[in-house]
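Below: the structure, in C-alpha cells.
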Amino acid sequence: MGTIVHAAYTDGRKSALSVKKPKVVFVLGGPGSGKGTQCANIVEHFGYTHLSAGDLLRAEISSGSENGTMIQNMISEGKIVPPEVTIKLLEKAIMESANDKFLIDGFPRNEENRATFEAVTGIVPEFVLFFDCSEEEMERRILNRNQGRVDDNINTIRKRFKVFVESSLAVINYYNSKGKVRKIDADKPVAEVFEAVKAVFTPVNGGKVNFCIDMVGCCVGAIQLS
Ligand SMILES: Nc1ncnc2c1ncn2[C@@H]1O[C@H](COP(=O)(O)OP(=O)(O)O)[C@@H](O)[C@H]1O
Ligand SMILES: Nc1ccn([C@@H]2O[C@H](COP(=O)(O)OP(=O)(O)O)[C@@H](O)[C@H]2O)c(=O)n1
Ligand SMILES: [Mg+2]
C-alpha cells in the first residue's frame, strides 16, 4: 500500500520551495527528546535558521487563523495536523527568510507529511538528525518543561508517545534505509548531546572531503583533495 499524498496537493501544485530549493536538515525524535534545545545550539554554531513545526502551528492558533480551532484540537489530542497546513507554514517561513539553510524540527511526523513535502517541494534533506531518547526520560522532561503547553500533561503525553511509535518512527526508518539518519543518544545531559551533534555538523578536513572507493566499490575511508 502506498503512502497517501494529501488530496489538497494532488492538483500538481508545486511549492515555491521547489524553486528556492533550500538546504534542509530534518530534526526528529520523540516529544521531549531535546529537539528544540539542540536546534538553538546548532543555530548559534552553524548558521542555520530553526523552524519548529509545533511552534509554527501554535503561532497559527494565536494569530486567530481560520484553522486555529482545528489545530488546537489536534494538538490537544496529540494528533498530527494535515500536511497542507503545516507545509504552508514552513513554506512561508522559509520564503520570508534570507537564509538558505534550515533546521526543520518536528517535521515530517508521519509518512503523509514526508511524502507530501517531497512531492510538492522536491526537497530531499541533507540528513536527518534523530534524537533517540527513552520514554521515561522524555516524560520526565516534558512534565518539567513548564511552557504552559496544552499537550504537556500526562494524558496527552501518552498519546503523543503512541503516535511517535506508530507514525513517526516510520519516517526515521524510511530515511535510515536511504542512509540519511544520524542517530544521537539523547538520554545524556544537554552539553554531551551537543558534542555528538557538533560532530555530525562539522565537516571533516574543512569540507574538502572525498571518499576513497576501493576496487569493489566499498568506501574505505575519507581522503582530502586540496
Ligand atoms: N539533554 C537534556 N537533559 C535534560 N533536560 C533536557 C535535555 N534536553 C532538553 N531538556 C529539557 O527537556 C525539555 C524538553 O526539551 P525540548 O528541547 O523542548 O524537546 P523537544 O523539542 O524534543 O520536545 C525542556 O524543558 C528542556 O530544557
Ligand atoms: N509536523 C507536525 C508537528 C507538530 N504537530 C503537532 O504539534 C504538536 C507539538 O509538536 P512539537 O514538535 O512542538 O512537540 P515536541 O516534540 O517539541 O514536544 C504535536 O504533538 C502535533 O499535535 C503536527 O501536527 N505536525
Ligand atoms: Mg519542541
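The backbone N, Cα and C atoms fix where each Cβ goes, glycine too.
Unlike curated records, TrEMBL annotations are generated automatically.
Among the candidates Arg145, Arg149, Arg158, the residue that TrEMBL names alongside Gly32, Ser33, Gly34, Lys35, Gly36, Thr37, Lys188 for the ATP site is Arg145.
Checking the candidates Arg160, Arg182 against TrEMBL: the one annotated together with Arg58, Lys79, Ile80, Val81, Gly106, Phe107, Pro108, Arg109, Arg149 at the ribonucleoside 5'-phosphate site is Arg160.
The maximal spread of the ribonucleoside 5'-phosphate binding site, taken as the longest Cα to Cα distance among Arg58, Lys79, Ile80, Val81, Gly106, Phe107, Pro108, Arg109, Arg149, Arg160, is 21 Å. Classification of Lys188 (ATP binding site) by DSSP places it in coil, neither helical nor stranded. Gly106 (ribonucleoside 5'-phosphate binding site) sits 17 Å from Arg145 (ATP binding site), taking the Cα positions as reference. Note: the Cα of Ile80 (ribonucleoside 5'-phosphate binding site) and the Cα of Asn113 (CMP binding site) are spaced 9 Å from each other. For Gly36 (ATP binding site) paired with Pro108 (ribonucleoside 5'-phosphate binding site), the C-alpha to C-alpha distance reads 15 Å.
Counting other Cβ atoms within 10 Å of each Cβ, the lowest count among the binding-site residues Gly32, Gly36 belongs to Gly36.
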